[in-house]
Amino acid sequence: MNRATPLLENGCSYHGIPVMHILYFLIILIAPFAGVDLLLVLSLGLFLGLRFSGKFLSCSRDAVSLSFSLILMLLISSVSKDLPYTFPFYIVLAAFAVAAVGNHSSFFSERGFMADFESGKSRMKRRSFSILWSSIFLALRITAAFLAASWIVYWQRLPIPYSFIFFIAVIGAVTGSLFESIPSKIDSNISVSLGAGMTMWIFEEFRYWVPPEKMLVALVFSLFLGALAYRAKIADVSALLSAALLGVLIIVFSGLPWFLLLLTFFILGGGFTRYKYTYKESIGIAQAKDGIRSYENVFSNSTAALVLAVAYGVFPEHSLPIIYAYMGTVATATGDTLASEIGTTAKGKPRMITTLKLSEPGADGAVSSLGEFAAIFGSAIIGVLGYTLGISNDFLLSVLITTAGGFFGTNIDSLLGATLQKRGLLSNSGVNFAATFAGAGVSAGIYLLVSGF
């Protein structure tokens, strides 16, 4: 695929003229004057025109599906006008702008980066090129979303600060790019626009934001760390964007130390995945794709942390139990990863957690003494770092509560693996997701008991 001309591939052309991109611009230009309902009618006409344009225009599937996604969002906005939670018109246009920028499947999709798996200097150069172009198009998406939303806000005289618009534009652009990087049967134009739109809508309801300069620092820092992981072959593109989204939200809602604590889990997890990798590969229990993490790994282990970080910013009156819950969920993810990666290298056979019968290394629900000690070690590291980074101001409580939450969460993971996962009711990611919330609950519960509520 030629990456030098992506903008001309995502739409319609007439004798080489990018008609669709002109129409995209006109839609946003007339939007504040047309309003939701009239723009919905015009978009429906555009969709039908593109769908049956025939020989007059050379239209790609992208143009048709993007028009359809705009209709869906406008319909939701129109229907929700009289409801308690209205899908704002300016967010519809911001999400549309995010999806309209770039060519889906060439910049953020792994399929566009297949050459990255070549060896040597060529691979590193291609990875650097991919990161550069992804960063450029992410910046374009942020700019497009901000300008589109600001255009609506200005002409409709909405009482919305531009700093807030920039805040949700960044979140929407990163979310849209993340959805684009995830392989799916759903057309990427629909998933990108709806994913970005729904995420921006959620944060619009919070009405929480930070100054643009802080948002930019958080974004650049998160992307930089994600890019390092991508270059080191610890993460793929979807994991890079997932980490960027997590980093931005955690930093702006709770602070840099919280993100650094979560980052410790990714560093330890990535490092210990390579521990005796050849041996684990020889017995068939090594991580797939050479241990490269994807969005699924990131979100299954970090969703609880993200929820708690956002809750910390939104509900400061409950900060203390949230702090210990956060450290407990990160400790669970860390402890479980170390227990799996180190425990499977034990000389003796592990035992099934439900029956204590001997089992094979790597079996769902199998535990070993080495793995249990690794879980305690990893959880304790998170507790110590939580105090060192200033997240908790009580060293003893930080270490004890975090270690307890991580240890119990890790064993809940094993229990779910031996029961629900073995029966096919939960995937490995589902087990991790549930266990991290359980670890958070254990740590928060212990803190509440110790503090006497």
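Using N, Cα and C of the backbone, Cβ positions are placed for all residues, glycine too.
Annotation comment: TrEMBL describes 22-50 (among others) as transmembrane segment.
Residues or ranges marked as transmembrane segment by TrEMBL: 62-79 (among others).
Annotation comment: TrEMBL describes 85-108 (among others) as transmembrane segment.
Under the heading transmembrane segment, TrEMBL lists 129-154 (among others).
Under the heading transmembrane segment, TrEMBL lists 160-179 (among others).
Same-chain residues lying 6+ beyond the ends of the transmembrane segment (215-230) with a Cβ under 8 Å from its Cβ atoms: 127, 131, 135, 138, 166-167, 170, 174, 209, 236-237, 239-241, 243-248, 251-252, 256, 259, 263, 266, 270, 293. Look at TrEMBL and you will find 215-230 (among others) tagged as transmembrane segment.
Annotation comment: TrEMBL describes 259-277 (among others) as transmembrane segment.
Annotated transmembrane segment per TrEMBL: 298-315 (among others), in sequence order. Counting residues 6+ beyond its ends, the transmembrane segment (298-315) has Cβ neighbours under 8 Å at 206, 208, 235, 238-239, 242-243, 246, 249-250, 252-254, 258, 262, 265-266, 269, 322-323, 325-326, 329-330, 333, 337, 428-430, 432-433, 436-437, 439-440 in the same chain.
What TrEMBL records for 365-389 (among others) is transmembrane segment.
When Cβ-Cβ distances below 8 Å are used as the criterion, the transmembrane segment (395-418) is approached by residues 324-325, 327-332, 334-336, 339, 352-354, 364-367, 372, 375-376, 378-380, 382-384, 386-387, 426, 428, 431-432, 434-436, 438-440, 442-443, 446-447, 450 of the same chain, each at least six residues removed from its ends. According to TrEMBL, the feature transmembrane segment maps to 395-418 (among others).
What TrEMBL lists as transmembrane segment is 430-450 (among others). Below 8 angstroms of C-beta separation, residues 299-305, 308, 320-322, 324-329, 331-333, 336, 397, 401-402, 404-406, 408-410, 412-413, 416-417, 420-421 of the same chain, each at least six residues beyond the ends of the transmembrane segment (430-450), sit close to that stretch.
By the Cβ criterion (under 8 Å, sequence separation of 6 or more), the transmembrane segment (129-154) is not in contact with the transmembrane segment (365-389), since fewer than 3 such pairs are found.
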